[in-house]
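For reference, the structure is listed below as structure tokens.
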Amino acid sequence: MKFPKRYLVVILTFICTSVCYIERVGFSIAYTFAADAAGVNQASKGTILSTFYYGYACSQVPGGWAAQKIGGRKVLLLSFVLWSATCALVPLDPNRVFVMVIARLLVGVAQGFIFPSIHTVLAQWVPPHERSRSVSLTTSGMYLGAAAGMLFLPSLVKYRGPQDVFLAEAALGAMWSLLWFKYASDPPRSEHPKATAAGFGESMLPINGSHKLKIENGGSSIRSAKIPWKRILLSLPVWAIVVNNFTFHYALYVLMNWLPTYFELGLQLSLQEMGSSKMLPYLNMFIFSNIGGVVADHLVTKRILSVTRTRKLLNTIGFIVASLALMAIPIFRTSSGAVLCSSVALGFLALGRAGFAVNHMDIAPRYAGIVMGVSNTAGTLAGIIGVDLTGKLLEAARSVDSSLSSPESWRLVFFIPGLLCIFSSLVFLLFSTGERIFD
């Protein structure tokens, strides 16, 4: 049997997200090593590490617009070439702060185009009954990439130096770009009415000006290229996605950035002694993300539940279980307990992505990249807000517990994302839909 082209496209987008997160984790590891060796203070390190997210937040909506107008396939290739070239050409010198800030802004802006473009590509290629597992597989690449980066890149820094991490990332980016250039394409144009009715294929391709489409009676209709910005921004189902994306990334970035500190200060444990166990939360996300996608498509394909009920069910289960696990983290005073709770929290958050994260393509397959850009902007801002707010909460807690070793010092840190999960699940239950609302 011939291997379906859409499967190859999904596999390539999976590799794409993996490489992107290897780059993010790799920069953090390499820059921290170089900055510590150069005696850079914590404030300057924080500035460089956070610069990426400002560039990333700024390019989400433009990324969706560009993917809609030019085509997600082309925008994805250009963005990958840009950030790979930046990694290859910019020297890792912590003392050249201005150069590092500009470089991280460029990488952030370039990678900000990637996820809106991916959603545009998947909306074009993947039929509705395969969307959940396709998006879940693609996004699970993020978690596998983060886990792989944490496992292998510290050794590369130790034996070859931090600059070689940049070169390795650039090489991975270049290899993926060549694969995408060679094997990716737009879906074949089809006049078949079922393709348009299903919301994928030729009808999702970028439009220049007005485009005539043949219809069954032999006449023609004009399809406008105008993007309904007002309807998108005022749509309650869109805002249900935005709220849940904000919460997902708030919890994810708080755990990514502050869980190591919790282990070292809150539990008085050494990260080196924990070995590979600190990778388990990300591996759990990879597993549960794909489980959620397979379960969602099974429920929809077998007509056990409607698309709307499927999205709401998985989103609710994921976020409610995650909220309980998040709020339980300070209760456990051992490494195994904390790893278990954080693994459950991140795993079920990933399961919930089979709800809100696929919903872009349900409600607006033609504008999936734009809706993704809007919601991912909120997600990136959530990371910036969550990481900064957590630092302020811990600094305030030092007045009571200077060592930050008591559970009370950390309770608010984990209760805030836990409560946000409950709130977001209620918003999604009330306002989301699995029906197509944008033509």
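Cβ from N, Cα, C; glycine included.
Restricting the average to the domain 'Major facilitator superfamily (MFS) profile' (9-436) gives a pLDDT of 84. TrEMBL lists 9-436 with the feature domain 'Major facilitator superfamily (MFS) profile'.
What TrEMBL lists as transmembrane segment is 6-22 (among others). Long-range Cβ contacts of the transmembrane segment (6-22) within its own chain (Cβ-Cβ under 8 Å, at least 6 residues beyond either end) map to 76, 80, 111, 114-115, 118, 121-122, 125-126, 130, 134, 137-146, 148-149, 153, 169, 172-173, 176, 179-180, 183-184, 187.
Annotated transmembrane segment per TrEMBL: 75-92 (among others), in sequence order.
Annotation comment: TrEMBL describes 98-122 (among others) as transmembrane segment.
Under the heading transmembrane segment, TrEMBL lists 134-153 (among others).
Per TrEMBL, transmembrane segment is recorded for 232-259 (among others). Sequence-remote contacts of a segment are chain residues at least 6 beyond its ends whose Cβ falls under 8 Å from one of its Cβ atoms, and for the transmembrane segment (232-259) they are 146, 278, 281, 315, 319, 322, 326, 338, 342, 345-346, 349, 352-353, 355-357, 359-360, 363-364, 367, 370-371, 374-376, 378-383, 385-387, 390, 394, 413, 416-417, 420-421, 423-425, 427-428, 430-433, 437-438.
What TrEMBL lists as transmembrane segment is 279-301 (among others). Remote same-chain partners of the transmembrane segment (279-301), defined as residues 6 or more beyond its termini with a Cβ less than 8 Å from a stretch Cβ, comprise 128-137, 139-140, 142-144, 146-147, 150-151, 255, 259, 307, 310-311, 313-314, 318, 339, 342-355, 358.
Residues annotated as transmembrane segment in TrEMBL: 313-331 (among others). Tertiary neighbourhood of the transmembrane segment (313-331): same-chain residues 244, 247, 251, 262, 266, 292, 295-296, 299, 305, 337-338, 341-342, 344-346, 348-356, 407-408, 410-411, 413-415, 417-419, 421-422, 424-425, 428-429, 432, selected by CB-CB distance under 8 Å and a gap of 6+ residues from either end.
Outside the transmembrane segment (337-356) by six or more residues, the chain places 132, 135-136, 139-140, 143, 240-241, 244-245, 248, 251-252, 255, 259, 262-263, 267, 274, 277-278, 280-282, 284-289, 291-293, 295-296, 310-319, 321-322, 325-326, 328-329, 331, 421, 428, 432 with a CB less than 8 A from a CB of the stretch. Annotation source TrEMBL lists transmembrane segment at 337-356 (among others).
If you look up TrEMBL, you'll see 368-389 (among others) marked as transmembrane segment.
Annotation source TrEMBL lists transmembrane segment at 409-431 (among others).
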Recorded stretch that, among 75-92, 98-122, 368-389, has the most CB pairs under 8 Å to the transmembrane segment (134-153): 98-122
